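Annotated features in TrEMBL:
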- 1-48: region 'Disordered' (REGION)
- 22-32: compositional bias 'Basic and acidic residues' (COMPBIAS)
- 49-116: domain 'Histone-binding protein RBBP4-like N-terminal' (DOMAIN)
- 282-324: repeat 'WD' (REPEAT)
- 327-360: repeat 'WD' (REPEAT)
- 376-411: repeat 'WD' (REPEAT)
C-alpha cells in the first residue's frame, strides 16, 4: 500500500501528460510504443487512421481551424484581451507556455493571435498567405500557424502547469508550478526575455503564499473580485485577495499590478517579489486538491475537487469548514470542475473514471453519496478539463487523455435522435467531437470575445516523442443554429446551385 502511495503521484503526473522526458528517454519510449502499437494494429484503427478520417471531414465540420506545432509541450492555454477588431479578423492575446527538459528555461509565452471571423472562407484578404484554405484542406502538422505570433517571453521559475487570467483585467495572470506558491504576472509590464540556457528567472509581480506543500494544478480567478483560489498536495484550498496591490490603472486600460514597485529586469538571482498572505485556508479534502473554481456571482463561494473523489462547496462567510461535502462524486479521482456562468446551481466535474457529471447544488447527494443530475460518458480515458460555453447556457466542453474534445448540450439529453447503421448511437447530449489532436488534450478555453471559438492544446509525448499541438478552431454554425433556420439556408443554397446550373 505504501509503495503504491509513493508511486501514485509520479504515475498521475505521467498519465496526465504533465512531465516532458529527456530526449533519449523519448526515443526509447517511442520504440516500445511502436512495438505495442504493432501488436494492437489488427485489433483497432490506429491513432493515425482516425486522424486521417477526421482531416477528410474538416472542411465540412469547421468554419475555421488553425494548427500550430509546438516544439515544447504547453500544459495550459488561455485567451487574453482582444486587442483589435477588423473587418475579417480580430487580434487577441493568447497565453501558453513552454515546458522544457532543462536544456533551455521553462517559459510563459504571450502570443498575438489573429482570429478569423465567422464565415470568412477563402477570402481575398488572406488568400496571399494561402492560409485558410490550406489550413482547412491540407495543413501541415509540423508547421507553425501564421495566425499565431510570439509577442513576449517570460522566463518562468519552474514549469508552468496552469495559467489563469484575471477577468477584471486579462493582462494580469496567475500561474502554478511545482511549488507551494502562486505567481502573479502583469504581462504587459514584464520585460521580454530571451530564453537561453543559464538565463535568470523573471521576477513575478506578486507571490501568493500559504500552501504547505506543492500546489500544481488547482487554480482559479474570481469573476467578480480580484481574488485567487488554489488547491494543492497539502489537501487545502487557499484564498487570496490582491485588491490592495492593484493600482487604479491596472483595472482599466493598463498599468502595473504593483503599487510603488517595478517589475524585475531579469537580473535578480532569486525568485522574489511582493508577498501576499492568504485570506483563508480551508481544510476538508483527504487527498490532493486537483481543481478549484469560484461561484460566478460570489467571491465568497467556491468549490473544489480532489483525488479523494470528493466535491466540496465552501462559503468563506461561514468559516473554514466545508459548507457541503459530496462523497463519491465520481468512482475515481476528480481532475476538474467548473461552475456554470449562466446558472449558479449547476456544477460540472470530470474524473479519471472517464466521465463528466453535472450536479445541482440544491440536491447534491442521495444516501450520503453524490447524486448527479446527468452523467456524460463519451470519453475512453481520464477527463482532464471541463468548461461551460460562454455562448449558450446548456453547452459545455470536456477534454481527455483519449485526445478528444467533446462538446455537449445537456438540453439534448433524452431527445430522440434518428439512428442508422452508418450513424450509430452516440452518448446522450454529445453533439460535436473535435478529433484534431493525436494525444492527450491537457487544456482548452472558450473565447469570450469570438463566439464558439476554442483554443485547445495537447501534449504529444506519447505519439511523437515530444512537443505539442495548439489548435484554434470553430465548428460550422450549421451544427448549432436552430434546425429550421439551417434547413432554410440549405434550401436557399440548393436553389442557387440549381439556378446557376440551368444558366450554364
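Cβ atoms are placed via backbone N, Cα and C, with glycine included.
No curator has checked TrEMBL annotations; they are predicted automatically.
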Across the domain 'Histone-binding protein RBBP4-like N-terminal' (49-116), DSSP labelling yields 13 helix, 37 strand, 18 coil
List the helix, strand and coil residue totals of the repeat 'WD' (327-360) as derived from DSSP. 0 helix, 17 strand, 17 coil
When the repeat 'WD' (282-324) is classified with DSSP, how many of its residues are helical, how many are strand and how many are coil? 3 helix, 20 strand, 20 coil
Using DSSP three-state counts, the residues of the repeat 'WD' (376-411) come to 2 helix, 18 strand, 16 coil
